[in-house]
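K.L.:
Below is one structure. I have some questions about it.
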Amino acid sequence: MVDAAVLEKLEAGFTKLAASDSKSLLKKYLTKEVFDNLKTKKTPSFGFTLLDVIQSGLENHDSGVGIYAPDAEAYAVFADLFDPIIEDYHGGFKKTDKHPPKDWGDVDTLGNLDPAGEYIISTRVRCGRSMQGYPFNPCLTEAQYKEMEDKVSSTLSGLEGELKSQFYPLTGMTKEVQQKLIDDHFLFKEGDRFLQAANACRFWPTGRGIYHNDAKTFLVWCNEEDHLRIISMQMGGDLGQVYRRLVTAVNDIEKRIPFSHDDRLGFLTFCPTNLGTTVRASVHIKVPKLAADKAKLEQVAGKYNLQVRGTRGEHTEAEGGVYDISNKRRMGLTEYDAVKEMNDGIAELIKLESSL
């Protein structure tokens, strides 16, 4: 049975949200009928409620989405709310649709997008993963954070070759090491108010850490927003090399740590915007001529389902004609296809820029 205090909070939050001018997907799809149907439900293994799912959006009416999954089962238990939001966000991935099985494709078909080094400053491909048997971030206990950190650091210490790395726990990290990692754009900071409201930053920095190789081309974030963020990156435009490194790493880690996966939704993470492949392939690219014609840039990006952002992340301006451009689609296509879309779109943008 859902606790009376939780129900009270839910009712008050729902009334406030309904009366607000929020543009969030939560407000759009949390009708009175859906709310009444879900408010007394709990996830079977960990007992999470609708409040755990929607508390961030209830507190932040300016959220874009407004919901998070407290555990893997929440996607099924609260499907009446998750499914329409997923469909809306992921461009029509309907509740009758099924995400295809994992397929990294032929890794050797991707190469260097900018051999002369004129346009692409850096290339990065990353994915999110959750460890089976643990709830997601907001509901982890301090002991679970520690246990996961131990598991991840002992697992990753077994990686070989260019993936051979060192684990730097956030707890006890010296200010110098911390500053150096932040300056290199490697270290994550404590979550923003949306994550704070979703309870995703409890016991900070316990159980959080970063693992990277000497060349800093391969890194794993442990318990930032997701259990694991696996990242391959390097300067220049050699997408093939970056992608191959990521695929090798993910396959290797998967042999040692079982991941949360759903037959219909693909890989599961804390945020419903990041399901399916969970792959984000991006470049920092210098296109000053196209930057002067933003409409043209957006048009090409749209054709290849790419997202254009400033280099400091979402909602920031481009500095000196440099943009962060990444694939938008994560669901309903394979890992390879997601990266290939980015590859083809960037090739087209470079062709255009050089012809202007």
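Heads up, the Cβ atoms here are built off N, Cα and C, so glycines get one too.
Take a look at what TrEMBL says about it:
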| type | residues | note |
| --- | --- | --- |
| DOMAIN | 6-91 | domain 'Phosphagen kinase N-terminal' |
| DOMAIN | 119-356 | domain 'Phosphagen kinase C-terminal' |
| BINDING | 122-126, His185, Arg229, 280-284, 309-314 | ATP binding site |
K.L.:
With the cut-off set at 10 Å between Cβ atoms, which of these binding-site residues ends up with the most neighbours? Options: Ser122, Val125, Ser282, Arg309.
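P.N.:
The residue with the densest Cβ neighbourhood is Val125.
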K.L.:
In the domain 'Phosphagen kinase N-terminal' (6-91), how many residues does DSSP put in helix, strand and coil?
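P.N.:
Final tally across the stretch: 51 helix, 0 strand, 35 coil.
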K.L.:
Hey, what's the Cβ neighbour count for Arg229 (ATP binding site) at 10 Å?
P.N.:
22
K.L.:
In this predicted model, what is the average pLDDT of the domain 'Phosphagen kinase C-terminal' (119-356)?
P.N.:
88
